Every structure is written in structure tokens, then in C-alpha cells.
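In TrEMBL this protein carries:
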- 23-287: domain 'NADH:quinone oxidoreductase/Mrp antiporter transmembrane' (DOMAIN)
- 290-343: domain 'NADH dehydrogenase subunit 2 C-terminal' (DOMAIN)
- 56-76: transmembrane segment (TRANSMEM)
- 96-115: transmembrane segment (TRANSMEM)
- 152-171: transmembrane segment (TRANSMEM)
- 178-196: transmembrane segment (TRANSMEM)
- 202-219: transmembrane segment (TRANSMEM)
- 240-261: transmembrane segment (TRANSMEM)
- 281-304: transmembrane segment (TRANSMEM)
- 324-345: transmembrane segment (TRANSMEM)
């Protein structure tokens, strides 16, 4: 891809996200989301492969529909209440339409179908942007409007997302699809606590990004797109493959790794809100995710491929791990001791 075009796309992504996050007016928020959609399309379709073109087309149609719903929601609210302010969304129909629009943008169940297909059609670096940076503006809008949203609807969608993210990920052999269903499952955890503690939703999102970024960067470094190639990738950079197992277990939420922190805080908050059955259900559903993370970890570090005469050995490369990847790996594994600071925060 032309460096100038890539720079323009990435700058537009920053601009669109900043406009949406900092705006008070619905039209400005919508404008930012539209800039984001248009900026990511060239990055999705840059390989010119039919799958990439298909992914870009699907992404455009889905995001356009979600943006239209969001604009319709804000116009309905302005018609009845006379307010264009994001925090003043109070009309019930507008709240329902907004929940639908943001769910489509994020890929929450039952509007999740597009996300795994699009992630499968793009490169790992673009997939990383789709799974992390492009989720931030819609989540910000959810946080700003959280007092007006329907808690029952959000809880139902959250539990369904956690369940489907776990179930659908079990049968996948493509690493990008597994990470897509992992993202859907984590969105369920973020949504379930949104109405009760919006700050916790934001912490969960930040920690999810911290854990997902090094996994995408590692898979991109060892050029692994399928489980079958993952079992032969250990000879390339053994140290990186070994830490990949820890990152995956962190994403699964096992103590004493970073990923345990958001799940622990969310379950604690749900129990405080007298939602113990919901907390129990979502905790049990995370076991489904644990199974496919363990399968990925098993393929990455424990499995040896059968040594046949025709088997081509992938020799260890002299390629060193980038400083950025190493930093994110450390953060994705070792942040749990900082949890007292989060408790102490006002």
C-alpha cells in the first residue's frame, strides 16, 4: 500500500475517533464514526484479494446501517425532547434504537455475524485495529448514554455474547476467527456492568486491548493464521511462542495474570448489585473461552508436529522481538499487582 495513503488512513482514524470521543452533539459523534468507517476501508481491502474486497464491502454495509440507525435515534430524541446533547438521550424509542446501533457497530449478539467474517478477510494488523481502536468510539457513546439505557436488555445481550463467543469459538481452526469470537465474549463482560459501573467497563476495555494487542503482534511476527501452522511455529522464535501461552491464559482470565483483574472486579460488582445468578452464569460461560485459549496454547507450545521425511523444518530466525511487542507482552501478563491502585481510585 502507498505510504502516503496509509498515513492518510491512519490519521483519519485518529481524527474520527477523537471527534466522536470529544463531541457533545450527536451529529458530530456521527461524523466521527463515518470518518472512521471510510478510513479503515482502504486498510481492509489493501491486499486486493477477493476475501478482502468482500470483507470491505460487508464492513461498509454494516457500519452504514448502524450509523443510519444512530442518526435516526438522535433525530427521534431531538424531535420529542428538543435536545441534541449526547447525555440528554431520554426518549425510550431513541434509547432502544441507540442500543441496537451501537450493538451493530461493536458486534454484540445478536448483531455479531459480520465481525468474524471481516476479521477473517483482513490482515492481522488491520484485524488488530478492528478489534481494539475502532471499538473505542462506540463504547464511549455507550458510556455517555449509560444512565438512560435499559439494564435488562443490556444484561441479556451481554450474557448471550459471552455464551456465543465461547460456543462458536470452540470449533474454529483459524486464529483470526478465534480472536474475533474472543472479542465478542469480552464485549459481553464489558456490557454487563455498563449500567452499574461505567468506569469498570472502561477499565475492562483498556485491559482487553492491552492483552489483545501483543497476541495479534505475536501472531503477525510468527506469520500464523491457522492452528496447523501454529504447531510448527515454535522453532521460529521459541521465547515469543512460550510467552504467547501466558498471553492466551491472561486473555482467558486466569490468576495471577492481568486478565483475571477485570473479571474479578466485574463479578464483585455484580454481587454487590445483588445479581449473583448473573455473575455465576457469566463466570461459567468464560470456561468455554478458556477451552479454546488452552487449545491455542497447547498448539503453540506443547504440540510437536509428526516428523515425516517430507516435513520442512522451519529454522529459527535471527529476527528479534520488537520493543513494542515486548512491552505489551509484559503488561498483558504482569499488571495484577497494580489492582490496589484501581481500588484506591475515586
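Note: Cβ is positioned from N, Cα and C throughout, glycine not excepted.
Nobody curates TrEMBL annotations by hand; they come from automatic prediction.
Values in this document were obtained by computation on a predicted structure and should not be read as measured data.
Remote same-chain partners of the transmembrane segment (178-196), defined as residues 6 or more beyond its termini with a Cβ less than 8 Å from a stretch Cβ, comprise 106-109, 112, 115-116, 119-120, 127, 131, 135, 139, 142-143, 146-147, 149, 151, 154-155, 157-166, 168-169, 172, 204-205, 208, 212, 215-216, 251, 262-263, 266, 269-270, 273, 278, 282, 285-286, 288-289, 292-293, 296. Of the candidate ranges 56-76, 96-115, 202-219, 240-261, 324-345, 96-115 has the most C-beta pairs within less than 8 angstroms of the transmembrane segment (152-171). Long-range Cβ contacts of the transmembrane segment (96-115) within its own chain (Cβ-Cβ under 8 Å, at least 6 residues beyond either end) map to 33, 58-59, 62-63, 65-67, 69-70, 72-74, 76, 89, 130, 135, 138-139, 141-142, 145, 149-150, 153-154, 157-158, 160-161, 163-165, 180, 183-184, 187-188, 191. Residues 124-125, 127-128, 131-132, 135-136, 139, 143, 175, 179, 182-183, 186, 189-190, 193, 225, 240-241, 243-244, 247-248, 250-251, 258-259, 261-262, 265-266, 322, 324-325, 328-329, 331-332, 335, 342 of the same chain lie 6+ residues outside the transmembrane segment (202-219) yet bring a C-beta within less than 8 angstroms of a C-beta in it.
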